[in-house]
Every structure is written in structure tokens, then in C-alpha cells.
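This report refers to the structure that appears directly beneath it.
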Amino acid sequence: MPRRKRTAGSSSDGTADSDDSGDHEKTDSSHSEANQRNNTRLTRASLRLSQSSQVVLISMLFFLTPLHVYKMLFLFLDAPPDVKQAAERDESPPRTPTGNAPSSESDIDISSPNASHDESVTKDQKDSGSDPSHRPKRRRFHESYNFNMKCPTPGCNSLGHLTGKHERHFSISGCPLYHNLSADECKAPTPRQVRYKEKVMEMRKRRDSGLTKDQKEKYMEHRQTHGTTREPLLENITSDYDLELFRKAQARAAEDLEKLRLQGQITEGSNMIKTILFGRYELDTWYHSPYPEEYARLGRLYICEFCLKYMKSQTILRRHMAKCVWKHPPGDEVYRKGAISVFEVDGKKNKIYCQNLCLLAKLFLDHKTLYYDVEPFLFYVMTEADNTGCHLVGYFSKEKNSFLNYNVSCILTMPQYMRQGYGKMLIDFSYLLSKVEEKVGSPERPLSDLGLISYRSYWKEVLLRYMCNFKGKEISIKEISQETAVNPVDIVSTLQSLQMLKYWKGKHLVLKRQDLIDEWKAKETKRGNNNKTIDPSSLKWTPPKGT
């Protein structure tokens, strides 16, 4: 039988319709794939165009203001990550929606580089979270990008300004954090600052209206007498507060200059020794001492604390200490109590030691003039003993034959032992020797500043102790001098400073001020059993019988 021709649209088993529907599905899938390829090409085109625009943008940066540059950078550099991935997968030329290469930049909207890509988003992309509408919103430009300029102070965010007038800073000079402040503190003064400012203004209001005629004459006389060799008188020129600030600034500047001088950056004359190494101490010197030039120009001197020999280097000192047999000063030990000892050294018998002692003392004394002529003097050296030897604490010298009955020619306490009571012990020991000699003693003038302070304190203590123990009705200055071995002139000057000496009806009267005596008793009680005193029973000494 002839086979019957099959007509379109009819089928005995219904397979024709299914074939036709399959053909339609294939056609639709091919169209969707073509659309996806076109969309991908559009995405690449947008990216390529944005990249080419970046080149144009960079060439335009030199002609735009910073604000325009920042906006354009934000516009063209904010490409989404998926666009960059697509560009890495395919490097084919970009196409327009018509399938041709773009003839000009007008074919693509450069203001929205993601527009064509957004239209091609599928349902799977939305489900996977790659939908641009589901990405976080674009942040502002100043929130997304950090400027290169920032404050160099560690931990500073460049916010605020020291003046309080600006919102940002980019240097240390305007950084609040560098000045230990916060941005809020710079904006307005703190209550403490306000109180301090009010206090200063109040103190400045107390200033006198001006100089009186007598003050002006006094100032002119001072200037004519001293000229530029003295500082002008500054009292009443400004407020006491400002004058005090000026004095503090002067003192601080002098201290800084002294540090520079010790560091060798500022020289005040030649051959100035700046520091000495003495035992376990490194001491800064105060004044110039005439050491030999080859030693003085070094600036740093190394001295043996037992024999007082001076050396140039640490190595020489170490070698010397290994073979030095001295553990105490030469001479006779005339006093010992506990660890404190006093040695009597004759300048004629131990000339080198006494000369070295004088050179060492000149580093800390301004008015000392005796260096090498030591033969007419006796030196009483106080030491403190430990298991390594007797360490130099201080000394005083006295003439063997003094026609003015000076019991001290020069006295020094080493800087490391100052303000510990040793200076008063040396003074007390000198007067103890005067008592044994049955003489009235006094220190040789002029006294140094520290020496004058020490002697006045000692004389005050001696007089108050005598007044406290005195039980009679009439006090005689001569009796005080004979019992204490203090010169009557020194007693009178001390009584005047204590306001205990009055002139009444042609006579000088000594007043016994109980308030000062009670104050001295309280200090003695508070001090307790202090071993920094001289015990006369521990002295083993007889006066020398001539030169």
C-alpha cells in the first residue's frame, strides 16, 4: 500500500506537535544565549570605556580643581567586582546593542557604567545575591576614600586643631594630641584655665600705678653707677607675678646654658674641667681649678679617692687602684667614733697629698686661692670608713701659727656628702680644737656662700643651747665666748640676726627669747639620737708645739 502523506499539524500519535514545540524551545534558548552574550559584551564595553575614560581623566587632572578631581575619581573608579571579573574572562572587542563596535562614546552611557549590566540580571543572579539592587548603597566620597595627608602623630585621626578654629590639622604644630590635649579642649578653655586666667589678672591689678620720684632717682643712680655691668632694677616696673615669671625663666635659661657648658657645646674660658670621677661618684665641677694644662684640657678627670692622684683615663685609674696601697689619708688619726674618723695631715710632711687636696677643693670653692704653698698649714681630713677603706667626706685647714686666731682657713664638704650634717661636724670639730688650745676661734674671711650659711646655722644652734642651759640672771657675751670658743664678734652678729640684742639706756642687753628656744628644742627632739655630732671624749690630740 502506498504510504499516506503526512500533513502538517496532524499526526496519528500526536508526536508532530511535540516536535514542533521542541523546535520552538531550541529557538528561544538560542535567543536567550545570544542576549546573554550581547549583555556580556555590553558589560565589557562599559568597562573598557570606563578604563579608557580613566586615561582621559588622568590627563585632565592637571586642569581641574581638587574638588572636581575627587568627584571624577569616585565616578570612574567605583566599578563593581563582577564587571572586573567579566573583563578578565573575555578580552574580545566590546559591542553595542546593534552588534557593531561603538563608533563614539555617545553609544554608551558613561554616566552609568552598570546600566546595561543591570538589565541582564537573571533570576539566578538575584537569588545568589549578585543583583546590583541588593548590594550595599554607595557611600559618600569622603567616607569611601582616605586622603594621603594626615597628622604624623601616632594615634591621631587629624581631627581638631590647636587653635580651635579649624576642623582638621596635618602637622604636629596644630595637633592637640601632641600637646596632650583633646580636640574639645582646644575649642574652649577649661574651668581650670579660666580660674588661672582670672587669678593672673587679679595679681596684675595689684601692681602699683607707677614709679615714684624716689624710685626713679634710685634707678638712675644704679644705672649711672654700674652701667651695663649690672642688670637694671626691675622692682615695680611690672607686676610681682610677671617679675617672678621672668626670674624663673632666667634661672631656667641659666640652667640650660650650664648643661650646654658641661656637654662641651659652650666654653667659658680654656682648661675647664667639667666632671671628675671620684671613687664610685661622678661629680660635676662648679669652678675652675689650676690643674696642669695637659689634664685640664681633657674636660674629665679621674682621681684616686685615697691618695688623690689625678689621671687622664679610666684605664690608668683602674691600673692605679690595683696597686695603690693607701686606704686612708696620711698623717695621724686624732679622732674616731663609729665610722667617722679625722686625720691630721701636715702640709710640710705630706706636701703632694695636701696640694692635690687643695686642687680638688678649688673645683667646688670660688674664693680659694691657696694651691701649692701648703707647708704652713695643717689639714684635718674627715673620712667615713667601710670595708674598702676610709672615704673622703670633707676637710678644713688651719694655719699652724695664726696671729688673728683663725681656727679655719678653708673648709669643704664633698658634694656627695652635703646636706647630711657633715659640714656642721667639721665646724664643731674646729671649735673643739680651739677649746683644747684654750683660744677663741673664728673662720678666715671671706666665707663662701655655703660656708656662710653653715656657720650662721652653727652659731645659732650654739647660742640657743647656751641660753637653754643658762640658769643665771645676767648673760655676758664674754662668758659665752669663753665657754663656746666663738669669737665675740660672731656672737654679736648672730644675736642681732635673732633679734636678741637690744640697746637700752646706753647699754646692750641680751634678751632670752623663749619662743626661739622652744622651737630649737622641738627640732632637737624630732632629730632624736643623731650620730652626726662630735664627741669630745673621742678626741686624741695635743696642740702642736710650733712649726
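Cβ coordinates come from backbone N, Cα and C, glycine included.
Whatever TrEMBL says is automated annotation, not expert-curated.
Copied from TrEMBL, the annotated features are:
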ACT_SITE  E444  active site, proton donor/acceptor
COMPBIAS  21-31  compositional bias 'Basic and acidic residues'
COMPBIAS  102-113  compositional bias 'Low complexity'
COMPBIAS  116-134  compositional bias 'Basic and acidic residues'
COMPBIAS  528-540  compositional bias 'Polar residues'
DOMAIN    268-543  domain 'MYST-type HAT'
REGION    1-42  region 'Disordered'
REGION    85-146  region 'Disordered'
REGION    201-227  region 'Disordered'
REGION    527-547  region 'Disordered'
TRANSMEM  55-77  transmembrane segment
DSSP-assigned states of the compositional bias 'Polar residues' (528-540) in counts, ordered helix, strand, coil:
3 helix, 1 strand, 9 coil
Give residue numbers and ranges for long-range contacts of the region 'Disordered' (527-547): same chain, 6 or more residues beyond its ends, CB-CB under 8 A.
333-338, 340, 344, 348, 376, 378, 400-401, 420-422, 424-425, 428-429, 432-433, 435-437
CB within-chain contacts under 8 A for E444 (active site, proton donor/acceptor), separation at least 6:
L404, Y406, V408, S409, C410
Would you list the DSSP helix, strand and coil counts for the residues of the region 'Disordered' (201-227)?
20 helix, 0 strand, 7 coil
